Amino acid sequence: MTFLLLLLFCFLSPAISSAHSIPSTLDGPFVPVTVPLDTSLRGQAIDLPDTDPRVRRRVIGFEPEQISLSLSSDHDSIWVSWITGEFQIGKKVKPLDPTSINSVVQFGTLRHSLSHEAKGHSLVYSQLYPFDGLLNYTSGIIHHVRITGLKPSTIYYYRCGDPSRRAMSKIHHFRTMPVSSPSSYPGRIAVVGDLGLTYNTTDTISHLIHNSPDLILLIGDVSYANLYLTNGTSSDCYSCSFPETPIHETYQPRWDYWGRFMENLTSKVPLMVIEGNHEIELQAENKTFEAYSSRFAFPFNESGSSSTLYYSFNAGGIHFVMLGAYIAYDKSAEQYEWLKKDLAKVDRSVTPWLVASWHPPWYSSYTAHYREAECMKEAMEELLYSYGTDIVFNGHVHAYERSNRVYNYELDPCGPVYIVIGDGGNREKMAIEHADDPGKCPEPLTTPDPVMGGFCAWNFTPSDKFCWDRQPDYSALRESSFGHGILEMKNETWALWTWYRNQDSSSEVGDQIYIVRQPDRCPLHHRLVNHC
């Protein structure tokens, strides 16, 4: 027995030692740290050209391409999406007939026996610009099929397409999420924002794949098609380069390039997306979000939402809430009412972890987009806090920042940890200036989000100023580097967050911390707070 105990101690001691070397939120709040800027890292923010073989069409006829997976509301169902046929772009375009080809997924637990079949629906969307000299776009046929009745934590093989046309994909596979319980979680959840399709993006995805995620969260700003004119001319700053255009144009083929580049990953690992400002894509008749809402499948119906712009889902013992910053969010809005109902239904004995995501951050100390989402914060922060939100992921700011636990700008041991992860690699390059740097505090009236409007960013700092004169207390760590993060739930109270930088080796850590829930110290406040 003594020998067995000694052997067990020797086996566990490296893990214990390693765990002790990683800080936890129990050690906080932390003194704010700024990692000095490495000026050599701003290059490579250049989009892949349409001649790159990774973005070119590699199928013929109506064979499926741009295959992707997304979760439904729980472990027993999943969405499979793909595109068939070729997009059209020109002054006059004629949409393909979505009823001309079937939407079928054949699947099973054995690669050589795909004995089950599911059918879904198909659609096309158009991006129309009724102005002289501008080109219109209509997509290939987009298919969405929901597979149901799946077993948890199980590998399934599948192929998609139309078997009657002999237009089927090769066989792919995915693993379903574990059942919702306090003891079962996805192995690794990759988190990335503001991805785009640059050479930096390729580095981000290469590093991300090395970490073998079971699920991917993309926190807005996907293809950056709206940095292009309809003829394919591009710029890092659309408004600077094209101030005279009659409407903010887009080049929709960039979405197809993005889907092709990502297929090797998204055909195996579910991708959950929330919209960013680059997905708005205004067109004729004031239509918005057409590409975003058409190309991805969302569990909005399953989660009681009426919009692709906000929804929720479970992944094991985690309840994820994906919120829309570019649709009404005030306390009289449909989204706010939906959020109240969604949070009220969460059973923390089944899904102990509550993780929220939306695009523009509430807690960021960079000059870029500083306090831009203050009105959303005023509307929703108390509600999310009262239901004990554990972690919040945001993008929009092209850098990395992790907060101390915070609520209403005050350090609070029961507040969420806010993580800005808008460093995926897009062509607008990194954010490098901080609002507390001398001369870098923006003019207050320039900060409100131009889409939702309104000004809510009143003075709030200890010296009653718009900006801090030092790195804010809520900011634990900030660094301007491209990268991605990995979230690993260890149990119902401990989660490991790791941030990886593109310039490092795939296994080198840029930031790492255990995020620890304290349900005994931080009981839920929703019965004490009036949200009427």
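The backbone N, Cα and C atoms fix where each Cβ goes, glycine too.
On a predicted model such as this, the values are computed, not experimentally measured, just so you know.
Under the heading signal peptide, Swiss-Prot lists 1-19.
In three-state terms derived from DSSP, Asn136 (N-linked glycosylation site) belongs to an extended strand segment. Residues annotated as N-linked glycosylation site in Swiss-Prot, with sequence analysis given as evidence: Asn136 (among others).
According to its DSSP assignment, Asn200 (N-linked glycosylation site) is helical. According to Swiss-Prot, the feature N-linked glycosylation site maps to Asn200 (among others).
What Swiss-Prot lists as Zn(2+) binding site is Asp221, Asn277, His359, His396. Taken residue by residue with DSSP, His359 (Zn(2+) binding site) is part of neither helix nor strand, so it is coil.
Per Swiss-Prot, N-linked glycosylation site is recorded for Asn231 (among others), and the stated evidence type is sequence analysis. Residues within less than 8 Å, Cβ to Cβ, of Asn231 (N-linked glycosylation site) and separated from it by at least 6 positions along the same chain comprise Leu135, Tyr251.
Residues or ranges marked as N-linked glycosylation site in Swiss-Prot: Asn264 (among others). The 10 Å shell around the Cβ of Asn264 (N-linked glycosylation site) contains 14 further Cβ atoms across the protein chains shown.
Under the DSSP three-state reduction, Asn286 (N-linked glycosylation site) is assigned to helix. If you take the C-beta of Asn286 (N-linked glycosylation site) and look for same-chain residues 6 or more apart in sequence within under 8 angstroms, you find none. Here Swiss-Prot flags Asn286 (among others) as N-linked glycosylation site, drawing on sequence analysis.
According to Swiss-Prot, the N-linked glycosylation site annotation covers Asn301 (among others), on the basis of sequence analysis. Sequence-distant contacts (6 or more apart, same chain, Cβ under 8 Å) of Asn301 (N-linked glycosylation site) do not exist in this structure. The DSSP secondary structure for Asn301 (N-linked glycosylation site) is coil.
Residues annotated as active site, proton donor in Swiss-Prot: His369. All protein chains considered, the CB of His369 (active site, proton donor) has 23 other CB atoms within 10 Å. Following the DSSP three-state reduction, the secondary structure of His369 (active site, proton donor) is coil.
Annotation note: Asn491 (N-linked glycosylation site) sits in a coil segment as assigned by DSSP. The Cβ of Asn491 (N-linked glycosylation site) lies under 8 Å from the Cβ of Pro182, Ser183, each of these being in the same chain and 6 or more residues away along the sequence. Annotation source Swiss-Prot lists N-linked glycosylation site at Asn491 (among others), citing sequence analysis.
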Field: Cβ-centroid neighbours of Zn(2+) site Asp221, Asn277, His359, His396, 8 Å, sequence order
entry: Gly193, Asp194, Ile219, Gly220, Glu275, Gly276, His278, Ala325, Pro360, Gly395, Gly422
- request: Report the nearest neighbour of Asn264 (N-linked glycosylation site) in space among the recorded positions Asn200, Asp221, His369, His396, comparing Cα positions.
  value: Asn200
Query: Within 10 Å of the Cβ of His359 (Zn(2+) binding site), how many other Cβ atoms are there?
result: 28
Statement: Smallest Cα-Cα separation from His396 (Zn(2+) binding site) among the recorded positions Asn136, Asn200, His369 is shown by His369
Query: How long is the line from the C-alpha of Asn136 (N-linked glycosylation site) to the C-alpha of His359 (Zn(2+) binding site), rounded to the nearest angstrom?
result: 28
